[in-house]
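Taken straight from Swiss-Prot:
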type	residues	note
BINDING	PHE307, ASP308, VAL309, GLY310, GLY311, GLY312, LEU313, GLY314, VAL315, ASP316, TYR317	substrate binding site
MOD_RES	LYS127	N6-(pyridoxal phosphate)lysine
Amino acid sequence: MSDDMSMGLPSSAGEHGVLRSMQEVAMSSQEASKMLRTYNIAWWGNNYYDVNELGHISVCPDPDVPEARVDLAQLVKTREAQGQRLPALFCFPQILQHRLRSINAAFKRARESYGYNGDYFLVYPIKVNQHRRVIESLIHSGEPLGLEAGSKAELMAVLAHAGMTRSVIVCNGYKDREYIRLALIGEKMGHKVYLVIEKMSEIAIVLDEAERLNVVPRLGVRARLASQGSGKWQSSGGEKSKFGLAATQVLQLVETLREAGRLDSLQLLHFHLGSQMANIRDIATGVRESARFYVELHKLGVNIQCFDVGGGLGVDYEGTRSQSDCSVNYGLNEYANNIIWAIGDACEENGLPHPTVITESGRAVTAHHTVLVSNIIGVERNEYTVPTAPAEDAPRALQSMWETWQEMHEPGTRRSLREWLHDSQMDLHDIHIGYSSGIFSLQERAWAEQLYLSMCHEVQKQLDPQNRAHRPIIDELQERMADKMYVNFSLFQSMPDAWGIDQLFPVLPLEGLDQVPERRAVLLDITCDSDGAIDHYIDGDGIATTMPMPEYDPENPPMLGFFMVGAYQEILGNMHNLFGDTEAVDVFVFPDGSVEVELSDEGDTVADMLQYVQLDPKTLLTQFRDQVKKTDLDAELQQQFLEEFEAGLYGYTYLEDE
């Protein structure tokens, strides 16, 4: 399904007619700069995402073609008018292809800069995102590309697509005989298939099946390094890693192959420090250690031809350019320079040939290309009213709160903001306890809570974010007073890493970014689980527990974009509350301002999700029909209820507008 949306959809660059005619609502460059800093778009957006003159998010899938832009807010509204359901993934295959070109270009520059004679090859590990649209977009990019598999199912997908590229295939993960035989079949078909030995028991099966198929195996070895990265994924590297061979086992593998007359089959050295490496120093240390394995294996007579440094190339989810778990303190060029220099230096020092360098950079290729867009279905916000004095005979705790409120408005008072806040908190605590004991009425409790909110609001206005001593109080008050936004999505399905490992993703409204973010909000999903909430948000150069929000109409809140969800999230998403896959569209943007949208995934229906848990929709419909027939409802109402039930079975799992 393809829709040409070039008619009626303005692009956000080259908007010579539509946007230029709306200068009365266009924001100043100063306002734009402030919004970019608030959400750090300039850093995590990586030139793919920006704020246009209308205060809308714009997307430039290929920064080398800056005139090819689309207003994302306008695109979503146009799609909604055409029947697009939310939540939905908006995928930009051109970003995938630009990421691939950028990584290849960085390594080309590094090789030229350091006089490195070996080749470079990017291998895409499909575990990061196995969707056909992703794999085929990368394969059809025109760039050299290999594929990596970590299971039998992935290897079958890779082999089927390999005919389009005739390229390198790397086989990682634990392997049984069927997996190994599939890989050897690929080698026999003419592909370069590297079977990476992860444990010693695999080598006997490899040699046995290679003989059966009369094929020379192409082998790799994964060395377990002492070096280890830091962060959420550090356990995938280091001496305690689940994968790889220790130094003793590497020697044992070499001798086993020598005795079998297959030492020439060992052609690839592989290591992996961990995913999303935040610190370039950790990467440099790991590459230097692995380079020693390359040198020592050559001394043992092993002609290693490929040096696979694995994954680890991170992306800056926060936009803080730091060593935090969800950021990186380096760019593509520095990453490539460190790898090429370390390997080349070891080769020059020992008079060895420069091997082909392979990286398995999945996250860095796919993260940016997908945005989850959803609608806010409800807002709960604190409204501040002018407080009235309590009755003269009101209990002491109420009188105390009122006295604090009056003192806050007296000129020249010497008490601190913190002291006012603490006094009001203690009074409110006493009132809550007294309410449970029957001392205070419901009306008195409500009055105290409303007055406390007004006091918090008053204190907040007088705090200075630049004053370090004020920051803890500001954070506390922002959490207490933030708007609660109920968003039509499942955190567990669409952003499982935000729940499982507390990963941060950029989240912000798609419009209204021409206004100062005066409000704060927390985002809650529609699952029946208190964990279904986003706990951390980008806020300038730091991370906050509430999200900056421009002023908005609570009856018509803006759509929200959840950015950089292209790596792992679609694959790891689970079925909590039986919320399924969202709809997905591929968006192509062209220099003339035209946009082409293709529906790539219709999303799961309720029936789809029920079948996952062995609940047959037809059986459920029959059971429901039997119940309805036994009621004393009239025939017309019975038929109406049956039709509604059946329509619901084959409808979207998310909330839909009537």
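Using the three backbone atoms N, Cα and C, a Cβ is placed for every residue, glycine included.
Sequence features, as recorded in Swiss-Prot, placed on the structure.
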{"residue": "LYS127", "record": "N6-(pyridoxal phosphate)lysine", "CB count, 10 Å": "20"}
{"residue": "PHE307", "record": "substrate binding site", "CB count, 10 Å": "25"}
{"residue": "VAL309", "record": "substrate binding site", "CB count, 10 Å": "25"}
{"residue": "GLY311", "record": "substrate binding site", "CB count, 10 Å": "26"}
{"residue": "LEU313", "record": "substrate binding site", "CB count, 10 Å": "26"}
{"residue": "VAL315", "record": "substrate binding site", "CB count, 10 Å": "22"}
{"residue": "TYR317", "record": "substrate binding site", "CB count, 10 Å": "25"}
Quick note, GLY311 (substrate binding site) and LYS127 (N6-(pyridoxal phosphate)lysine): C-alpha atoms separated, nearest Å, by 12
Whole-Å Cα distance, the residue listed as 'N6-(pyridoxal phosphate)lysine' to TYR317 (substrate binding site), is 20
Mapped onto three states, the DSSP assignment of VAL315 (substrate binding site) reads coil
Per DSSP (three-state), VAL309 (substrate binding site) is coil
Once DSSP output is merged into helix, strand and coil, the residue listed as 'N6-(pyridoxal phosphate)lysine' belongs to helix
